[in-house]
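Some notes on the structure that comes next.
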Amino acid sequence: MSSYLSLCKAQLRGFTRDRSMLFFTILFPVMFMVIFNGFYGGQEESTPSVLAIGDVSVLDQADEDEFSISQVDSLDQARELLADGDAHAAVEQTGEDLTIYYSEANPIAAQAAIGSLEALVNASNIAQLSAAAPDIEMVSPQTIPVEDETLSPVQFLTPGLLAWAIAISGVFGAAGTIVDWKRTKLLRRLRLSPAPVTTVMGARISVSLMIGLLQLAIFLIMATVFYGLHLPTWWWVSIPLVVLANISFLAIGVVVGSIAETGPGAAGLSNLIVMPMAFASGAFFPLSLSPDWLATLSLLSPMRYLNEGLQKVMVQGESPLSLGPQVGMLLLFTVVITAIGVKLFKWEQV
């Protein structure tokens, strides 16, 4: 036990003294959380800015908080303002014809403004049709969100970015440690030391799990305190889920560390695995927006199943019983990748 604790303390000291590792495992994912939350949160709260070219009667029917409407005298003036990014769309009405102008400089905001304007026009047409033919029954759609009303963008961002952070610490940490230990002959000395190999490996796994749980705590505290994250009843199930996924990513790191011969080589190969995995697993954007081939490829990524599991217990409030597919796939990945890592692992550089 004393050997195990000594090894854990030594590796924890090494982690805290490695500034680059601290940055990429803790600060780097947190920075992305701040950036993405600001981007999506700003989009959610922004009001479409619309220019009215001359008299546009349809805009008179809009609610005050639906659009930010500014009056301009000519199309040329509207084009100039759109090109400068000072407005999202411009509207010109001639009789019953309505023309919407927009700029590709900000396509997301422009499409949001266009969608709102089209909805306003459709509502106006339905109102006129109802007045002209009051006996005709109209279908009135009702939209009801399936999530809690307090849901905010951070509740979607936190699971994906946390899964990415866990992958970074697991893969990069294990790969870099193995390569460095082989280069300095420390791995060979540890093998020949009185401490059993299982103690050495157990200490490394324990430290990685501590780092993963620290990442989970930092993300949850930051998201709760600064961004109003509302945690459902089963949020604590994310703890064993993170532990399981961390072991899976550690196994990937062992494979990388067994193949790479230098520190830069291990970092490059880890990047080559983790970054595409993040884009293919819905960490940065929903998989529903991905092409079919990418969604199919994501089935081979353990990060996808960690992200889905975290979404279920941290966002959707589902019970642990719903995590069967995600836990099963993470276990399968862990067993298969660990077997590959054991096969490729070498105690010394060849």
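Positions of Cβ are set from backbone N, Cα and C atoms, glycine also.
The transmembrane segment annotation in TrEMBL covers 21-40, 161-181, 202-228, 234-257, 269-289, 327-345. The domain 'ABC transmembrane type-2' annotation in TrEMBL covers 98-348.
Here the transmembrane segment (161-181) has Cβ contacts under 8 Å with residues 11, 15, 21, 24-26, 28-29, 32-33, 36, 187, 190, 204, 208, 211-212, 215-216, 219, 242, 245-254, 256-258, 260-263, 265-267, 269-270, 273-274, 277-278, 281, 283-284, 303, 306-307, 310, 345 of the same chain, all six or more residues outside its ends.
The stretch with the most CB contacts under 8 Å to the transmembrane segment (327-345), chosen from 21-40, 202-228, 234-257, is 234-257. Tertiary neighbourhood of the transmembrane segment (202-228): same-chain residues 4, 7-8, 11-12, 15, 25-26, 29-30, 33, 37, 41, 150, 152, 154-155, 158, 161-162, 165-166, 169-170, 173-174, 177, 235, 238-239, 242-243, 245-247, 250, selected by CB-CB distance under 8 Å and a gap of 6+ residues from either end.
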